[in-house]
There are 2 protein chains.
Amino acid sequence: MDKLHRNERIGALIKILSDNPNKIFTLNYFTDLFNAAKSTISEDIVIVKKIMEKFSFGEVETISGAAGGVKYTPVSSMNNAKKFVKELCTKLMSPERIIPGGFIYMTDVIYSPDTVAVIGEILATQFVSLEPDYVLTVETKGIPVALMTARALNIPLLIVRRDSKVTEGSTVSINYVSGSTRRIQTMSLSKRSIKKNTKSIFIDDFMKAGGTAHGIIELMKEFENEVVGIGVLIETKEPRHKLVNSYVSLLTLDEVDEEKGKINIQPSRLFI
Amino acid sequence: MDKLHRNERIGALIKILSDNPNKIFTLNYFTDLFNAAKSTISEDIVIVKKIMEKFSFGEVETISGAAGGVKYTPVSSMNNAKKFVKELCTKLMSPERIIPGGFIYMTDVIYSPDTVAVIGEILATQFVSLEPDYVLTVETKGIPVALMTARALNIPLLIVRRDSKVTEGSTVSINYVSGSTRRIQTMSLSKRSIKKNTKSIFIDDFMKAGGTAHGIIELMKEFENEVVGIGVLIETKEPRHKLVNSYVSLLTLDEVDEEKGKINIQPSRLFI
């Protein structure tokens, strides 16, 4: 490639880094791509770092040493996260969302790519320092949020199934009791999908009593994997005592009053 | 915000556009954000357009008129797509992937965020000109690819369920016959999730006889929605006659020879 203008290198750097969150690129990768000196690229990276900071796009980190290079982490600032959670709250409290039985219709929100991309970045920000190896979720509705969290962290997604599918080879299954319905349920994961002595975070759309999260922790013991974090989009206020101790939620659902046509949701404590 | 350098505006423009594919931003949005004149922003956009072209990152389009502005489409170039498909092919042909019963283990690939992001962009490129309103998929394994296709197109994802869940309100269900196993299966979609007189594309991980795709077309008739495109990551060579006429696949699976420990996969015709 011919010599590029600084503008062009800065633009390309930002595109490549932001398309590949949490991936380390060597300086050599960019000197080759841009046909430029190492010192030039280093100067470019300083500018990129400033741009990312100025606009709260996230953090650019320079790693020194043999395995060194540069990586981008889409850390969402607490201010931006709070603003987003508040707006989401307003959106979900619309009375037309009430479904007979006291449920809330929210698939349009949790299947909307640009919305789940932001939710994923907010959740990833909570857990990035724990350096998890996998994002776990249980089919079906939590998958989009979990995938976007995995994308922001640049780690694989694992989808725990409600039954064992022959096309994934041998699986480990456990039975667990749903915290709210008290029914016995099954969850299973393919044996080869996960390495031993690893760490994971569990991401889901909704938590009531925490039975699914508790089941995941049990399942992961079979894999010698430690669940180091749990994050959900929305938790219910009741029961106050969940089956898991430590988790992060963006929103808390207080009540759905079908008679009055009123939904009461608040940002969770962390995001007030 | 204080006056910015051109570098900074270019960098921020690229980050914002590329995080929001297929979304139209008005010039006013950027004049406000950057505290800069319209003519300055217009010049910046010309530079951004050139950078995106030079590196085959996609297309930046300027739309004139009252609803005008600028938008970014992550069109993957045919060269890049072919290269990616070829590499994926090699990866999937590894003999350790054979699962007893003649299946291939590929969840690590289809749940890997950076891989499905590229697959999503390649599939989106195939269908963007049809201007679909929704991306449809059926739970479970196709969801990550479908979400990333929806993200690249900036349109909602709809996940068709294998059963009807009470938390999504009233649903429309159909029974259909699986093309390969000949078993009767059910699929359902919440009534309120889709508007009438709309267009959709169906995205899945795998197609054998095309029974699921055919079922989706039938289901969508109930919603007065037209399925204008079908895209899958991998199709099987046999049966040659599928239950749907027109579809795009990235890869074609010829055979899994358990005895010889050999998997035969080729890039599909479009990507050779």
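Every residue, even glycine, has its Cβ placed from backbone N, Cα and C.
Worth saying up front: this structure is predicted, and the values here are computed from it rather than measured.
Here TrEMBL flags A:5-74 as domain 'Bacterial purine repressor N-terminal'. The domain 'Phosphoribosyltransferase' annotation in TrEMBL covers A:120-254.
Model confidence over the domain 'Bacterial purine repressor N-terminal' (A:5-74) stands at 94, taken as the mean pLDDT rounded to a whole number. Across the range of the domain 'Bacterial purine repressor N-terminal' (A:5-74), the DSSP-based residue counts are 39 helix, 11 strand, 20 coil.
Assigned with DSSP, the residues of the domain 'Phosphoribosyltransferase' (A:120-254) fall into helix, strand and coil as follows: 40 helix, 53 strand, 42 coil.
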